[in-house]
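Peer 1: Sequence annotations record features per position, and here Swiss-Prot assigns transmembrane segment to 8-27 based on sequence analysis. Under the heading topological domain 'Lumenal', Swiss-Prot lists 28-321, citing sequence analysis as support. Annotated N-linked glycosylation site per Swiss-Prot: N109, N185, in sequence order, evidence recorded as sequence analysis. Positions annotated as Mn(2+) binding site by Swiss-Prot, on the basis of similarity to another entry: D144, H256.
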Amino acid sequence: MQCRLPRGLAGALLTLLCMGLLCLRYHLNLSPQRVQGTPELSQPNPGPPKLQLHDVFIAVKTTRAFHRLRLELLLDTWVSRTREQTFVFTDSPDKGLQERLGSHLVVTNCSAEHSHPALSCKMAAEFDTFLASGLRWFCHVDDDNYVNPRALLQLLRAFPLARDVYVGRPSLNRPIHASEPQPHNRTRLVQFWFATGGAGFCINRKLALKMAPWASGSRFMDTSALIRLPDDCTMGYIIECKLGGRLQPSPLFHSHLETLQLLRTAQLPEQVTLSYGVFEGKLNVIKLQGPFSPEEDPSRFRSLHCLLYPDTPWCPQLGAR
């Protein structure tokens, strides 16, 4: 009896020790570090940063004849607020512009003519420079456009990141038609919408990269010659006919081909682009009371700039308040 008690006690202790080890192993296997398939805790993905103005590439198309007449006005007004984002594409060197713009003046090898090949040549230069920049948005305007950077940024921020975006204002109330050459001397009639370059338009990088087979390098001019249409039409053709995309029409872009006086003063800060010019034999400008008279400011761009940026030093009345 005395010999059996220690042996039984030892067995009980051994059993308890084994059970304790099993429990410890069980709990260790259930810990987050040991359970297979359980991901490690991590910070949530913040996603792409919010679009800022420095993410936008603004291309201005011009020609030698308008360097003084139009470009200096833009440099004094809206370009002064978007200097780092704006690139001016022209056909001739200009020492004065070079001093003001530096590397943001792009002198192309394009003709100064107002022809389909010359216009497409400059658009191709704009597109290639944008692709090389790595920026998120490409926006094209002409040298008679005023760009409101605040309204532009608000518009572009509204589009989903995953979507191909082509936004602008069509100049026609119907699609344009073109003859697309086919093999065996045949042609195919195609129709598509396009945003008029005279009002400006924007394309995001996601879509621009898909356009490259028809738009990068000399291929943009080749595509334009193929359908015998100018640069802005060629953009619409590539996007809608080659890629199956669609123009997103926006009433916030404006050219000199519309009646600009219909815009109310209260609406002006919301517009992405505005313009001026002669339409149907009459001066076509926005209707705006401002610090400058129509004789001092025939385009009304200086008065508009003082409305949007009253802190501008040369705004005589609003700046003094």
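Cβ coordinates are placed from backbone N, Cα and C, and glycine is handled just like the others.
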Peer 1: Have a look at the recorded positions N109, D144, H256 and say which one has the shortest Cα distance to N185 (N-linked glycosylation site).
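Peer 2: Smallest Cα separation from N185 (N-linked glycosylation site) among N109, D144, H256: N109.
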Peer 1: Fill in the CA-CA distance, D144 (Mn(2+) binding site) to N109 (N-linked glycosylation site), as an integer in Å.
Peer 2: 22
Peer 1: How many Å lie between the Cα of H256 (Mn(2+) binding site) and the Cα of N109 (N-linked glycosylation site)?
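Peer 2: The separation of the Cα atoms works out to 28 Å.
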Peer 1: Taking the Cβ of H256 (Mn(2+) binding site) as the centre, count every other Cβ atom within 10 Å, in any protein chain shown.
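Peer 2: The answer is 20.
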